[in-house]
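**Student:** Per TrEMBL, compositional bias 'Basic and acidic residues' is recorded for 106-121, 145-213. Taken from TrEMBL, the feature compositional bias 'Polar residues' covers 214-227, 234-245. Annotation source TrEMBL lists domain 'HPt' at 1-103. Taken from TrEMBL, the feature domain 'Histidine kinase' applies to 245-489. What TrEMBL lists as domain 'CheW-like' is 491-620. Marked as phosphohistidine by TrEMBL: His46. Annotation comment: TrEMBL describes 106-245 as region 'Disordered'.
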Amino acid sequence: MDMSKYIGIFRSESEKYIKEMSDSLLELELDPVNIEQMNVMFRAAHTFKGMAATMGFRQIVELTHEMESLIERFRTGRLTLDSSLIDILFECLDALEGLVENVCKSAERKTEERKNDRSESNKSYPDAGEVLKTLRAINNPSEEVIPRKTESDSFSVDKKIGEKEEKKEEKERREGEEKEERERKEEKKEKQEEEREKKQLKSINEELKENKSCTDSGPDSKVNSVQKLRIQDSKTPSPKIQSSRISTEQLDKLMNLVGELVINRSRVKELTGESKSKDLEFALSEFQKLTRELQEEVLEIRMVPLDHITNIFPRMIRDLARAQNKKINFIIRGKEIKLDRAIMEEIVDPLVHLLRNAVDHGIEIPEKRVELGKEENGTIMITASRQQNYILIKIEDDGRGINTEEIRKAALKKGLISREEAEQLSEREVIKLIFTPGLSTASMVTDLSGRGVGMDVVKNRIERLGGTIKVESKPGSGSRFELRLPITIALYQAMLVKVGMERYAIPFTSIVKSISVRKEEVRHIRGEEVIVINEKALPLLKLSKLFQLPAAQKEESLVIVIVEKAGQYIGLVVDALLGKQEVIIKNFKSKLLEKTRGFAGATIMGDGSVILILDVNSII
């Protein structure tokens, strides 16, 4: 039988069972005698082995079999689980992951989508053959070599052989009892299945008798009735497929089609605005309702819980901490929060980089922490929460914090700031320098976290998604990074504004509030226009000036949309607010437009006009 069509299911199920075993191992590292976690791990290994056997993947079967045997020895108390054995089991999971990757790649080599999807993977895996040898050596330790029998030691040799035979008999007896128990359970299960089938047949028979009396409906009715009963019956015992793997490309295409449908719905509404027909109004209302439901369903399909990516982090933190002899408690909160799949895929690397930095530069070694009056174990925590129009992800640690003096010196040495600026910069402004390309300090360069080339990439990646990143740090107490991300990149809630004769859309994720002020309230500081709000100067930016548009007629007051990016605020001066609008973003296909500063994309309105969507991150 051709198994290639099942490879996607195998990959998905493999990932699930490897994750289950990894989670159990992390729990067992904290509590080595936790029998419940041992049982979970044993069941996962056993099921995984059976699945691999069905697919014909012999090497995976052999490895999971030895792993299963080792776990069984822990469960029965024949072997004590210690840190070295946990390391071996983690290595085994890595080897299994590598084997799954290889067999799936081999089976899917002809599928271009999968090939592209996996080509970026550069993770190295342990040698499965070596791991298998290690497990076999633990499960089957070499027995003592029995010397050649002589007259002087014949008694001791006979004794050893006798003991060996007794052990063999005991093992066979145990296996026989287990086999009998399995047979009894299978026999009981077969009887229960037989009884269930009898009840179903009896029920169908009664239904048929009732239908027999309905002669006026003709023979077709009886056939349909029987078919209906069979369909209903078949639905009862059959398991339902709860999910299927859909590529991001397919979802993007589906979302684009829904977007076109929404745009055309708006066009139809515009064209029939003058119509008095009640039937047409009702049809349009139903059309609008259906497109709305379809849009919501497609958006929901795109959403995946944060747990989709955070499940790799506990193991990563554990390995990094052990490599540096550090003790770290890792906490994840809000992993049920959902994000657009496209956003989720893009934030994996930034999160990994921030977590590695927290382990490498943030958390101190246990001796140093005790000396500072801290707990021996450091803490790194990820917290996710849903705010009004965005998702907030915090990565914080209780380590040493960011050394602003080192950053100041490094920036001065590289010529990124002048000596005068170095003296005038506040602590917050100095911390922001970590996002400058190429900036590194002596303490920032390690094998774990790289050579200072990552934080600018993290910032650019987050801002490219329409999000922001903010950092706060206190020497000796730790650091906190806040990532503010849109819930989806397929759909924006935006404020439409008028500038001159043009209309623009500003995403609500960037808007703080909109206000109107009298012109006389505008002040000038160093040649820049500002207004004072809560005793703080808010710089103003006229969009008409930025986009070189004809100025509108002079009004007595200014309409200002206050936007924010990573703690920085600015007031965008517009001519009028046109109201809230749900917009579907269309990316620029022209490379020239892609490089245009200030725009994230465009949307098409119901009247067919194109409106540009502002990119606040590039404006501030």
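Glycine too: its Cβ is placed from the backbone N, Cα and C atoms.
Quick one: where do these features end up spatially?
**Tutor:** The residues of the domain 'CheW-like' (491-620), classed with DSSP into helix (H, G, I), strand (E, B) and coil, number 15 helix, 76 strand, 39 coil.
In this view, His46 (phosphohistidine) is surrounded by 17 other Cβ atoms within 10 Å of its Cβ, with every protein chain counted.
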**Student:** Please give the average pLDDT for the domain 'Histidine kinase' (245-489) in this predicted model.
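**Tutor:** PLDDT averaged over the stretch: 85.
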**Student:** Provide the three-state DSSP residue tally for the domain 'HPt' (1-103): helix first, then strand, then coil.
**Tutor:** 87 helix, 0 strand, 16 coil
